[in-house]
Structure formats: C-alpha cells, structure tokens
Amino acid sequence: MPNLVEKTGSRPPWVGLAAAAWVQIAAGTSSTFPLYSAALKSVLGFNQQQITILGVACDLGENLGLLPGYGSNKLPPWAMLLIGSTSCFLGYSVLWSSVNQIIHGLPFWLLFIALFFGTNSSSWFGTASLVTNMRNFPMSRGPVAGLIKGYIGLSGAAFTVIFSVLLHHSSTNLLFFLMVGVPLLCLSLMYFVRPCVPATNDDPSEPVYFAFLLGSSILLAAYLVMTTVLNEVFSLSSVLKYVLLAGTVLFLMAPLAIPIKMTLFRSNAKSSLADNLAKEEGEKEPLLIPSTSASNLGTLFEGEGDGDGASEMEILLAEGEGAVKKKRKPRRGEDFKVRQVFAKADFWLLWFAYFLGMGSGITVSNNLAQIGFAFGIKGTTILLCLFSFFNFCGRLASGAISEHFVRSKALPRTLWMGAAQLVMMFTFLLFSMAIDGTIYVATALVGIGMGFQYLSISTISELFGLKNFGINFNFILLGNPTGAAIFSALMAGHIYDREATKQGSSTCIGPDCYRVTFLVLAGLCGLGTLLSVILTVRIRPVYQALYASGSFRLQPQSNGH
C-alpha cells in the first residue's frame, strides 16, 4: 500500500461511506445497456448478434477487475477514481459520437473496445469504494460489503429514473450523461473516499447506524420502482417529475445523516471511557509468554544464512512446543495459494455453478430490451427497473438468509445458490410459455436468482481464505462475461436473428424469438442446481467445523504457503 495520510476522527469513515454510496450508484453504467442498445441497432445498422456481442463487452468491462484489484494495493483511492473517470469518459465519448453521428464508419471492433473501457470504469470505482471502506470499518466488513454491493445493484433503477425524467428517454442524452456526468460526479467525491483511522473500540451505536443504512437503501429501492412505474403509466407534469427526482436525491443523501448526527450530538463520555480502558490495558501483564523455543526461533533461522543451520533436535523440540510447524498442504477453511485453489475440485464446482447461474441471468439482462419488444412491450424502462430492484433484493436477502442458516444449522451458502437456480429453471420455462403478463414476474424472479449467485463471494473466502481473496474472487467473476459470450452472443443472438430472418425483418416479434433460448437456459440452470447440491454435500463437513460454535471460527494456518 502507498503511504497515505489517514484522516482521523469518528465522522470521516461515515462521510466516506456515504460518498461511496454515490460512487457505486454511478458505477453501474453497464446496467444501462438495454436503454441504448436499440439505438445502437437502428442507427448503426447492427443485427441482434452484434448487439449481444457488445453486451459481452459490457460484462467483460464490468467484471475484469484483476488490474484494479492489484492497483488497490499500490494506488490511493483518488487515483483509482481518476483512472475510472478517464476510462468512462473515453469509452462513452466514442459511443456518443457514433450514435449522434458525429463520427461515421467506426469499425465494430473499435466500438467493442470503447464499450469495454467505458464499463471497466465500474471496476475502478467499485474497487476503490469497497477496499477503502472495508479498511475503514475493519470490524464491520460484512455490512459494509453488503451495502456497497447493494448500491451498485440499485444503479440500474437509478439510471432508469434519470433516463425517464431528466433525459426524456433519449439514448444520445443518456450516453452524454455517462460520458460527462458520471466522471464529474466521481471526481467531485475523490476527496471524501479516502483512508481513515479506524476506531479501536467498539461503538455501541454502530449496529444501529448500519441498520439505518440498510433501511434507507430498501426505501430508496422501493421509491425508484414507484417513480418509474408512475412515470411510465401516468402522464405526469414536468413539475411532478422533478419533484420525484428530488425525492430520489434526498434518499441518496440519507447516509449523510449519520455524520451529521455525530456532529450535532457528540459523545464525550464514550471517548473518556475508551481512554481509561486503554490506560488500564497498558498496565496489565501480558497474557501469553513466548515459549523457550519460540524465543529462540530468531537465532535458529538467523543461522541459516551463514550455513550453520539449526540442529534437527532443536527443530524437533520447537515443533513439540508449537513454535514451528511442519509444512503441509492447507485444508479447506485455511489460506490457499492461487495454484492450490485451482487444483481443488470444490473451486471448479463453485466456478461452474456460478457460471451457469450468472450466464443464464445475464443472457436475459443483456437482451431485456429485445425480449420486451418480442413480447409486445414498447418501453423497457419498467422491465429494467424491476430487474434492478429485485436483483438488489436478491443480494440482500441471500446474505441474510444464508447467514442465519450457516450459523444456526451450518448449512453451506451454496445450498441457496442451487435453490435460486432451481427457481430460475422454472422461471425460464415460464418465459418460454409466453403467457400474457408473466414477463414482469419472470423478470423479477430472474433478478432475485442472479442476486443469490453472489453468495459465491462469501463461499470462496470461507473455503480458501482471505490471503488471495482478491484474485480468487475476480477469477470467479470471469464467469459473468464467459457466460454472456457463450449463452447471449453465440446462442441467443444467433437464434434471434434466425427467427427475424424468417419474418423478413431485422426485428423479431413473438414468443418464437427466444423460446429455444429460454428452454436451453432452463436446462443450464438445472445443471447448475445439480452442481450446487454436489458442492454443498462435499463442503458440509467444512462448514460444520467452521461454524460449530454458531459463529465463524478461524482455522489454524499452515506455514506451508
């Protein structure tokens, strides 16, 4: 990590968390693809397979976070946000210029790269926000991660409201907003997303603060859906539209209530008590006294450089007293090296289960506009808002449900991933039937199912440790663009164009446009359910050991890695 000046005090971390919420709302630029994909198709003359390939560029840019993950250990947060803002501006400026017909004849591959860079900004924004706040709240990493991931899940609904109310359903205006508005917003928040000195004592109000943030985010999600539905169903006046937009801004300002409260109602007693406790701790005797072998470890290993080494008897004595442990392969629940993770069947079972679930869901989200048109729905803003809202609900619900059962019954989180894919399987069958009015229900269920697939994040940290969590997690995320490339671009796009050709048009209308696709996706989710069940059975003993006492128990780490 670079040497950074950490902001002191109890309020700056909460100010930073509020700023991160805004950054995460802005970071979900890839979720806006259904709002302007129709314009790309009509203005630039692309077929549906080309559109789905551009959708893959969105997914690849959003989920290829290996470089931002590495950069988070080398660069300060403001530099991460600056890189993300630059990437966002450059990428979307090319798309805006093409759709606005300022630049003509750009090759398809250049648009693919531009869209990749535009959406890759979300990796830089998200990594800067998540890593910084996880370090600012080291004792509350779970709630912080859930909130930050939740806000990016809401970004699609927020952009839908902006698209409907402020941008008047204009794709060119939306691309201009992504090109200029998002970078300016993130640059303006650079000062606030910064490392802070974390509190050394437990704040009894902290759970209440996080409960407030969770409640306000749920209210924001419901408000965004209500605003979108009202704007699409009723003819609202311009004044009322802007009043609803102002309400959205107020809900987004809710996290600032915590530092404001801390400013107006300071707690001097708590700080004095903390100081007294710290003084008492300093006067206590150390609880653990190093063993003789442990105290001699320095001299034992210092001799290795001179060729003397430690005698076998000394090492055996040290091992007997626990100061030295023999090298061994790590067990599940301990820290693994990357190559050791890749050699585990559990890792690949988790990867393929995630790949099947997320790949199926992304196929729907990338083609949501065309699916809506095929089902006779002219505007897709309500569909996108529903998908975003229920995806947000899936992320929150999956964390709460899995946390309850993993602590009370030691049930692995992968059980709920499989259950969600089972629901998705029946949902795709419902899609294929094309029953009037069911598209809204089916879209919501797919959003929830996708939200549950993010349980793989917690699972991989529990099985293979936190030491190389960044690399392991980002490799899991590659299942998103891989699934999009295979299921969306190669399969769904090809089937759609084939059906459109039968109708003698570039636009396909009717249930046959995606019926075969939905049936295949149902089969894939069935396979994903099976893999999740197999993985759950394999790792159940691990979870019984990790959560035997009802809370997570750190395993003793091997020094062989």
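Every residue number used here counts from 1 along the chain in the order it is shown.
For all residues, glycine too, the Cβ spot is worked out from N, Cα and C.
Annotation comment: TrEMBL describes 13-260 as domain 'Nodulin-like'. The transmembrane segment annotation in TrEMBL covers 78-96, 108-132, 144-168, 174-197, 209-230, 242-260, 347-365, 371-393, 414-433, 439-457, 469-496, 516-537. Residues annotated as domain 'NFD4 C-terminal' in TrEMBL: 335-543.
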Average pLDDT across the domain 'Nodulin-like' (13-260)?
86
For the transmembrane segment (242-260), which partner among 108-132, 209-230, 347-365, 469-496 gives the most CB pairs under 8 Å?
209-230
Need a quick answer: max count of Cβ pairs under 8 Å to the transmembrane segment (78-96), which of 144-168, 174-197, 209-230, 516-537 is it?
174-197
